[in-house]
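The domain 'Myosin N-terminal SH3-like' feature in Swiss-Prot is assigned to 33-82; the stated evidence is sequence analysis. According to Swiss-Prot, the feature phosphothreonine maps to T64, T1263, T1465 (among others), an assignment based on similarity to another entry. As annotated by Swiss-Prot, ATP binding site applies to G179, E180, S181, G182, A183, G184, K185, T186, with the evidence given as sequence analysis. If you look up Swiss-Prot, you'll see 657-679, 759-773 marked as region 'Actin-binding', on the strength of similarity to another entry. Marked as domain 'IQ' by Swiss-Prot on the basis of sequence analysis: 783-812. Annotation source Swiss-Prot lists coiled coil at 841-1937, citing sequence analysis. Among the features that Swiss-Prot reports, phosphoserine is placed at S1090, S1235, S1241, S1276, S1512, S1572, S1712, S1724 (among others), with the record citing similarity to another entry. Here Swiss-Prot flags 1116-1164 as region 'Disordered'. Under the heading compositional bias 'Basic and acidic residues', Swiss-Prot lists 1126-1154. Swiss-Prot lists Y1490 (among others) with the feature phosphotyrosine, giving similarity to another entry as the kind of evidence.
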Amino acid sequence: MSSDQEMAIFGEAAPYLRKSEKERIEAQNKPFDAKTSVFVAEPKESFVKGTVQSREGGKVTVKTEAGATLTVKEDQVFPMNPPKFDKIEDMAMMTHLHEPAVLYNLKERYAAWMIYTYSGLFCVTVNPYKWLPVYNAEVVTAYRGKKRQEAPPHIFSISDNAYQFMLTDRENQSILITGESGAGKTVNTKRVIQYFATIAVTGEKKKEEPTPGKMQGTLEDQIISANPLLEAFGNAKTVRNDNSSRFGKFIRIHFGTTGKLASADIETYLLEKSRVTFQLKAERSYHIFYQIMSNKKPELIEMLLITTNPYDYAFVSQGEITVPSIDDQEELMATDSAIEILGFTSDERVSIYKLTGAVMHYGNLKFKQKQREEQAEPDGTEVADKAAYLQGLNSADLLKALCYPRVKVGNEFVTKGQTVQQVYNAVGALAKAVYDKMFLWMVTRINQQLDTKQPRQYFIGVLDIAGFEIFDFNSLEQLCINFTNEKLQQFFNHHMFVLEQEEYKKEGIEWEFIDFGMDLAACIELIEKPMGIFSILEEECMFPKATDTSFKNKLYEQHLGKSNNFQKPKPAKGKAEAHFSLIHYAGTVDYNITGWLDKNKDPLNETVVGLYQKSSVKTLAFLFAERQSSEEGGTKKGGKKKGSSFQTVSALFRENLNKLMTNLRSTHPHFVRCIIPNETKTPGAMEHELVLHQLRCNGVLEGIRICRKGFPSRILYADFKQRYKVLNASAIPEGQFIDSKKASEKLLGSIDIDHTQYKFGHTKVFFKAGLLGTLEEMRDEKLAQLITRTQAMCRGFLMRVEFRKMMERRESIFCIQYNIRAFMNVKHWPWMKLYFKIKPLLKSAETEKEMANMKEEFEKTKEDLAKSEAKRKELEEKMVALMQEKNDLQLQVQAEADGLADAEERCDQLIKTKIQLEAKIKEVTERAEDEEEINAELTAKKRKLEDECSELKKDIDDLELTLAKVEKEKHATENKVKNLTEEMAGLDENIAKLTKEKKALQEAHQQTLDDLQAEEDKVNTLTKAKTKLEQQVDDLEGSLEQEKKLRMDLERAKRKLEGDLKLAQESTMDIENDKQQLDEKLKKKEFEMSNLQSKIEDEQALAMQLQKKIKELQARTEELEEEIEAERASRAKAEKQRSDLSRELEEISERLEEAGGATSAQIEMNKKREAEFQKMRRDLEEATLQHEATAAALRKKHADSVAELGEQIDNLQRVKQKLEKEKSELKMEIDDLASNMETVSKAKGNLEKMCRTLEDQLSEVKTKEEEHQRLINELSAQKARLQTESGEFSRQLDEKEALVSQLSRGKQAFTQQIEELKRQLEEETKAKSALAHAVQSSRHDCDLLREQYEEEQEAKAELQRAMSKANSEVAQWRTKYETDAIQRTEELEEAKKKLAQRLQDAEEHVEAVNAKCASLEKTKQRLQNEVEDLMLDVERSNAACAALDKKQRNFDKILAEWKHKYEETQAELEASQKESRSLSTELFKVKNAYEESLDQLETLKRENKNLQQEISDLTEQIAEGGKHIHELEKVKKQIEQEKSELQAALEEAEASLEHEEGKILRIQLELNQVKSEIDRKIAEKDEEIDQMKRNHIRVVESMQSTLDAEIRSRNDALRIKKKMEGDLNEMEIQLNHANRQATEAIRNLRNTQGVLKDTQLHLDDAIRGQDDLKEQLAMVERRANLMQAEIEELRASLEQTERSRRVAEQELLDASERVQLLHTQNTSLINTKKKLETDISQIQGEMEDIVQEARNAEEKAKKAITDAAMMAEELKKEQDTSAHLERMKKNMEQTVKDLQHRLDEAEQLALKGGKKQIQKLEARVRELENEVENEQKRNVEAVKGLRKHERRVKELTYQTEEDRKNVLRLQDLVDKLQSKVKAYKRQAEEAEEQSNVNLSKFRKLQHELEEAEERADIAESQVNKLRVKSREVHTKVISEE
């Protein structure tokens, strides 16, 4: 758990991601009782927290936090997790895992706005319904490169893990973001894309030329900008989501080999086209329509000829028009900006807006029906003109094509007339097609823009698809969306539960298969299997006369009662009609099939499509360019069938879905589950039951369980050994081949981890959750230790090199000082002055010759430099040519790779085509069989129909006879149905009425009127029955003819299908042959791959052996270093003795110098013997020069050999330098003492004794030198042994290279080689530039030395020799560099030839490999990656061996040179000893002078010591200052180090005192001042030695003051740094205090917000309740008003009827005066009518009693209806019949009105026309009276039938009550048994967990014991080794002493 400081990198997002330290501490200290703290089931909240009060008899009494007391069963109580698990980030870590624990953890995190939570292997996110600051740039940076356990849960963490897995595992990844609609999938998708665009940013603009209208955005900008554009055209507001994606998309983000963005592409699925023309009330259309009308860009309003009011356009105003959470104006600007960034041209942009506006105008097109025709015609042309203008069409042509489309009939085209409804349907279809095609075209354009043509290796796919939807009205779009989610959930279940456990079984891991019950195959097969829903739908679309009803009937026949997931929906009042129900994983959905056939066929007006193809708007013409109209099809293809190109929407959808699932299966998936917290979109509120339902459906708990029980992490053995062997390399034995599995077992066994947390499979090692992260942390720590140790060794080596250089400079300074002192002593001698004058004259000729030679050399040097420049230019040109060749080869390799990829794609396409053809063949075969069966059935039916036709002709007369009987039965049935309908209407009205009395009166009145109306309607119904039956007979004859025609069509279709079948079979045979060839190739490739695998294993074994030998060599090197350390100690003693001797000799020399100037007699004697001394001095000087040259060579060789032999040779060189220095000092002292030999003979005797002692010491040194020689011989023997081993290694390496060369000729290996050669060329160029710089510096230095020589040739003869020496060294350097340059150019030429040969081989090999690897790309990539890793190891081992070989050769060369120089030095040392013995007699003479000058020597010695101490202190301080400045200037270190080394070499040649240039600039300036002071003192010939000393002291003091100032400034800087660090700490403390205060304030604010939220929730509940009451009251009032209005209408109609009756009676009375008979008949009719009214009133009373009884039995009837399926079916049928009768009733009412009208006319005619009309009316009245009597009889029969049904309902009710009681008893028994089973399971699981814990503890203790024993053994062995080494060291020390 991270601290608050570590969380500070997340900025303001930290509180929303992880609990603070204070909260964690409070949670840990919170009181908690694990036995009583529980969750308890509760009806309202599902689960609540509580405390156990008591447990008795399987019942638990719990007191909830709200204070309520509940008594529940044991299985309804769940233990609570300790407080430290509150708001836990990974729910798989919980102690108690159950539904309430998961629910409350999500709820508490959601309340704290921590919306992301891990759930085992996947992530759960809850929609916050508000903006949170958790997606800022600093959050993206904080999550980059973090492991999952290192950072809080977040979508960025999932994304980064996928990114890292892609890079390390070399496998494509996918992120599946799923959830219901409105759960937040789209937002998370955008965040994933934002993360990848940020971390894998390329930062490079597109390389194509900028074109007008294009913004040059980077690839990441374009990827991010694709979302706003797609959301504007593809997202809309739905009931559950304000920004719902109405299409699915799969975004693939491609990455290059380095992990940078390469390109991207988008695949879309099933845009919801119907939303363009239709929306529900609470929804709206796509955002782009409302963005355009937001008036943010007024120029769009003018261009599109629209207004800003959405209600002006029918297509977009059927639902809501505004969304509170969306600002359409801002979204329009974002959409417009995205169009520009994505590179759409200005014409394309304008056409997009124009087509969108045209769709809006389509909704306003009006059509009307022509008079006296069904033909439609335009109702105005203004809207059509606007739409046609925007689409680049002629409005007249458009209207003509809509109203009079051309249709192909046979081989001719005819003009077809359209009804108004057909025209509206065609307009809607065209609008949807234009919008859909435009959307798909935009996606294609986006993909073209995102395809950068850069090389890409892997991709990460992000899936965002419409969530699961359950609406009131669910159509074909909802079925497709829900089916997609069903498939994705099945993919998740299969991946998480099935594949996981199957892999355990396959790998041989002990595992008991767990069935989680999450298989969704039944529902998926129901939809997509043959004869499933989609199959039936597509089959129906093939038949021209299929309807929605026939489709529904087929669904019922195939699936109703046969599949548990297919059900018949139950009717619900207030909801849309549903035809079938499916049980999905997320719930039961009712589907309405209305219009599915048209949606699936997606028909278009071909005439209008032809106009589109000729449009002046290029985009519109392009959209429909590929669609051929019926006219073009007829002209181009003749009579060819169009079924071959016919593809339904469902088929296209299934094809895309199968592609998606194939893509997902080929990737490594990462799941993100989005959860809806509530249905009201309220931030912070969580509905328990809703969340639990989603958790159960998504398999969250099951995923956590399998994560805890299973082994989610697994690695191949070879990969594990390669990656983690660094944890304990000693566990894997070196030098012998060991299997990767055994190596992994040993490695894991040697690591301190819980061994129950992993299992070994056949090919992989499996880990429990979290263990792999622990191993990664251990590996990181180990690598950090190794790197730290390596850095320490490198720093130590560099500092030792620096120290050696400092010591060399110190010794050079001492030498120069000594020479200057000696020169200052002799320069005032007269003879010396004479010598100075004569010497140049003698050597002037030689000097001129030397100058001439130098000029010649200079000219040669210039020529050589010109030649080297020319060669350099040639090499640069060659390098350019090589680079060009390299680029050409890379292009060729890329082209070959593209060709390979194309071949693979073609192969994949062929395989897919084969699979599709096989499926089509199967479908065609099945369809042919079905057609044959149908044909046989039709043939039989034809025969039957022919027979039946003859029988029908005979039976027509019988039917006419039985017609009356049928009519009676029909009327009886209708009466029964009508009575049941009236009963249901009464029941419905009973629910709605306000008071019983008012409702009863209204029903009675209305029922009376309805009965009267119905009685009149039935009269007309009976008259039309006969005509209907006759029409049915005619229809049967017509259907017979149609069946004949259909049979003919089927026979033609059968012949065509047989032809297609033959073609398909032939293509199948070809495909089978191709398949066999591919199988043979595949077998060959597998054999080749097995051979390659064996070779790779051999290579691994050789690599292991080489690594073992390298380690042995390293151990031997360590032993040599230990011996060198011992030798170093002995050398320190010798050095101490040499320092003592040098000090004594210096004292002697100083005394002798003082004694030399004591007396004039001694000076005279010196003059006499000056000649002898000069000769001796020349000899000594020559010897000294030889020794100095030898010392310089030894120092150089010593510096070269230090890298291999370490401190041993360094000490030896230091001894040699001390001896040479002593020799030179002794010779100089002998020179000075020779002039005083006669006067100090006594002192010589004493000095002779001292020389004897020195000889003894030299003999000791000689013995030590012999020991060194012996050591060198041993090293030579060791070198020979190493040489033989190196030869063996080289032979093995040659064999290895021969084997590896076959594998290393791939594209990537050659690319690495070319880059290596390029780097070598750059290094050569740098070396040449350094050489040129060195030559130029040497020329400059030669000029300087020449000037010094001309100026001071009288006083500096010795410096002249030094200059000549420097020139010779420069020449050596030059010749060396020239030879090296020539050699390197030859090597470069050779390398170029090798490279050309290798490139040629590579081309051949690449061609061969490309030809071989078409179908094995994925396997090839994996093996190639493994080979690359092996190649890296081989190259490293080759490089190491080559370096060892090179070092060995250098070592041999150095040893030989060292041996030769040592022999020469030994000879010179012997000569010096002889010379020293010859001069020892003379040394006795100076003994007295030595004694006399002892006091002066002591004083000089003290001064010398002080000066030396000061110089050493200054040197150390300078070194410290150099280190400090070196640390400050790390960037310049390498360049200036090379420069300083060359400069130091040249400065040593010219005897300067400068330090390295560029390292210490300030100290270099001071040393230059010192040099100028020394030069000036040399030029001043008359200055005394004392003045020189004072000058030195002044220089030292100035250096000291400068150094003190430097130290003070450094101390000030350190003090300021400490002060700043203190201030920073104080600021951090203040910041922590401020953060704590802020967190407290935020917590108080959250508490206040929580209280406010609770208050707001209560207030919202109260307001909702009040609103519900108001709605109910308003509904009741509306119903009352409607009823009152109906009553008023009925009263008005009654009054009108009464008036008309009175008028008719008056007219009849008038007519009766003229015709008495008619009057009497009318009177009898009125009496009969009154009698009928009394009878009807009696019947009405009886009906009221029946209705009252039905009301009393209402509740029982409802239960009976729900429980009895057959009764429900009866009621459904009766309801359908009732609806049909209701329509008939309305028709009859219209008929009654017509009859009434006719009656009035008849009466008028009767008044006018005479007796015939009256007689007809009298006959009609008699018929009516007969019909009324018949109707009365039917009513009586209906009453009897109703009573029978009531008895049946009562019986069913009693039976249902008994069944319900039995079910309850059985349910109680089942619950008890289940509770017992759960208790037993829980006890077993607890016991198992306890045993596992004990077993793990035992294994851990056993492992620790074994490790302790191993450590004890190792420590004991180390102690023994140390003892042996200490004894050896002790014996060596004793022997040396």
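A Cβ is built for glycine as well, from the same backbone N, Cα and C atoms used for every other residue.
Quick caveat, the model's predicted, so the values are computed rather than measured.
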Summary of DSSP states over the domain 'Myosin N-terminal SH3-like' (33-82), given as helix, strand and coil counts:
3 helix, 31 strand, 16 coil
Around K185 (ATP binding site), how many other CB atoms lie within 10 A of its CB?
27
C-alpha spacing of T64 (phosphothreonine) relative to E180 (ATP binding site), in angstrom:
32
Report, in whole Å, the straight Cα-to-Cα distance of A183 (ATP binding site) from T64 (phosphothreonine).
31
I want to check the contact list for G184 (ATP binding site): same chain, sequence separation of six or more, C-beta distance under 8 angstroms. What comes out?
T125, N127, C674
For the C-alpha pair, I'd like the distance in angstrom between S181 (ATP binding site) and T1263 (phosphothreonine), rounded off.
95
Return the count of C-beta atoms lying within 10 angstroms of the C-beta of G179 (ATP binding site), excluding that atom itself.
25
What is the three-state DSSP composition of the domain 'IQ' (783-812), stated as helix, strand and coil residue counts?
30 helix, 0 strand, 0 coil
Remaining residues near the recorded ATP site, that is with C-beta within 8 Å of the centroid of the site residues G179, E180, S181, G182, A183, G184, K185, T186:
N127, N241, S244, G467, C674, I676
Which same-chain residues, if any, lie at least 6 apart from A183 (ATP binding site) yet have Cβ under 8 Å of it:
N127, G467, C674, I675, I676, Q694
In the structure shown, with every protein chain counted, which of the recorded positions T64, T186, T1263 has the densest set of Cβ atoms within 10 angstroms of its Cβ?
T186
Relative to the Cβ of G182 (ATP binding site), which residues of the same chain, six or more apart in sequence, are found under 8 Å away?
N127, T238, R240, N241, S244, G467, I676, K681
Take every residue in the domain 'Myosin N-terminal SH3-like' (33-82), average their pLDDT values, and give the whole-number result.
87
Based on DSSP, tally up the residues of the region 'Actin-binding' (759-773) by helix, strand and coil.
3 helix, 6 strand, 6 coil
